[in-house]
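Inspection log for the structure reproduced underneath, given as structure tokens.
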């Protein structure tokens, strides 16, 4: 009897410990889930109107041929974004701050100038994308649509300023899900053939134009302002933990954060190309985003077309606010200036409204804005790999040697592809 009692006590004790372990696991998972968010804000840059233009053009012209480029670009981008967030967590500095600390004033001013031009080019693309969506949905003139996009993006930034980063992350994540629904809704009507999709994962090109579009996809995917921004987002959200278990845990959560966010962004980009390949191949009216909308309307119906336009609008609104946020972080980090967000919003909105008012082709302007962004890629990615591979900067959290080598390969490859994009665009 005593033996049975001891056995029962042992089982109860063991069950209690298992229950405590399960409770701790649930608490840990709940806490880890709460810590997700910064990467989802940065991921908005990967589903902006520039991506829509590049992916739709690729699918309409070459079908599934360049699907592998989207996959490769998103894998590269995931590594870059993780390194950016890691820098912010470990050093307590954003990438612009870490770079500016190592420069004299003239060099910092020059570096800020190129970064600011890139941020403004980003904003032009986002505002134009939102204006196109509003014209599609409500037949509004492009300048009016641009103003509305700018005002709404300012309201989103006001949430971040007055209610904190966590609520801002939730709103942006919700918009990311709207974008995902908008560009994947067509798969409920018709799905691409699996063999064709698998064939698109085999790396290959088909003439010079496919190389240009591949470079455009890469240029629209790895965005310099997202690289600058993510380091600051991670620092502001998680602080600057001391070396030890807490830092290791936050870095682990950050890997999950980046992985999930980039999986969604990559899936949306792939969906854009697949929708175009499935429904727009061979049509002559898909050279513009509006043409793509009409093609979706004709082949899949009004409901799917409206969801496509809603996805585009959410893309323009969310990415415009994120772009302005990145610009403010760049200025603060390099020049230690803090400009009121309203003033900054008006300054960056000016070029976009001028382009829309003067009657330039909006889709062509979107493509050219990606070329301007291409100039900024090396200035963001190369210093990031160097800093995160430096023991003097990162201490015991320096990149593993293999990670650093892969980072250099990715940085050089992305930079060369963007140089190729610039050359091919300039030479026609």
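From the backbone N, Cα and C atoms, a Cβ is placed for every residue, glycine too.
Since the structure is predicted, the reported quantities are computational estimates derived from the model, not experimental observations.
Within its own chain, the transmembrane segment (33-53) has Cβ neighbours under 8 Å at 74, 77, 81, 84-85, 122, 125-126, 128-130, 132, 165-166, 168-170, 172-173, 175-176, 179-180, 183, 217, 220-221, 223, 225-226, 229-230, 233-234, 237-238, 250, 253-254, 256-258, 260-262, 264-266, 268-269, 272, 289, 292, 312, 315-316, 318-319, 322-323, 325, 363, 366-367, 369-370, 373, counting only residues six or more beyond its boundaries. Residues annotated as transmembrane segment in Swiss-Prot, with sequence analysis given as evidence: 33-53 (among others).
Counting only same-chain residues 6+ beyond the ends of the transmembrane segment (60-80), those with a CB under 8 A from a CB of the stretch are 46, 192, 196-197, 199-206, 209-210, 213-214, 217-218, 221-222, 227, 258-259, 262, 265-266, 269-270, 273-274, 276-277, 280-281, 283, 286, 292, 295, 381, 384, 403, 406-407, 410-411, 413-414. Taken from Swiss-Prot, the feature transmembrane segment applies to 60-80 (among others), supported by sequence analysis.
The transmembrane segment feature in Swiss-Prot is assigned to 114-134 (among others). Counting only same-chain residues 6+ beyond the ends of the transmembrane segment (114-134), those with a CB under 8 A from a CB of the stretch are 45, 48-50, 52, 96, 140, 142-146, 148-150, 152-153, 223-225, 228, 289-290, 309-310, 312-313, 315-317, 319-320, 323-324, 326-327, 330-331, 334, 348-349, 351-353, 355-356, 362-363, 365-366, 369-370, 372-373, 375-376, 379-380.
Residues 126-128, 130, 168, 171-172, 290, 293, 306, 309-310, 312-313, 316-318, 320-321, 324, 341-342, 345, 349, 352-353, 356-357, 362 of the same chain, all 6+ positions outside the transmembrane segment (136-156), place their C-beta atoms under 8 angstroms from a C-beta of that stretch. What Swiss-Prot records for 136-156 (among others) is transmembrane segment, and it gives sequence analysis as the kind of evidence.
Taken from Swiss-Prot, the feature transmembrane segment applies to 171-191 (among others).
With a threshold of 8 Å between CB atoms, the same-chain residues lying at least 6 positions outside the transmembrane segment (210-230) that come near it are 38-39, 41-43, 45-46, 48, 50-51, 53-55, 57-58, 61-62, 65-66, 69-70, 73-74, 76-77, 80-81, 84-85, 88, 94-96, 115, 118-119, 122, 269, 322-323, 325-327, 329-330, 333, 367, 370-371, 373-374, 376-377, 379-381, 384, 414, 417-418, 420-421, 424-425. Swiss-Prot lists 210-230 (among others) with the feature transmembrane segment, giving sequence analysis as the kind of evidence.
Marked as transmembrane segment by Swiss-Prot on the basis of sequence analysis: 258-278 (among others).
Taken from Swiss-Prot, the feature transmembrane segment covers 299-319 (among others).
Swiss-Prot lists 334-356 (among others) with the feature transmembrane segment.
According to Swiss-Prot, the feature transmembrane segment maps to 365-385 (among others). Sequence-distant contacts of the transmembrane segment (365-385) (same chain, at least 6 residues past either end, Cβ-Cβ under 8 Å): 49-50, 53-54, 80, 83-84, 87, 95, 98-99, 111, 114-115, 117-118, 121-122, 124-125, 128-129, 216, 219-220, 222-225, 227-228, 289, 355, 404, 407-408, 410-411, 414-415, 418-419, 421-422, 425.
Summarising the annotation, Swiss-Prot assigns transmembrane segment to 406-426 (among others) and lists sequence analysis as the type of evidence.
Where the transmembrane segment (171-191) meets the stretches 258-278, 299-319, 334-356, the count of C-beta pairs under 8 angstroms peaks at 299-319. Long-range contacts of the transmembrane segment (299-319) within the same chain, counting only residues at least 6 positions beyond its ends with a Cβ under 8 Å from a Cβ of the stretch, are 44-45, 47-49, 51-52, 122, 125-134, 136-137, 149, 152-153, 156, 172, 175-176, 178-183, 185-186, 189-190, 275, 279-280, 289, 292-293.
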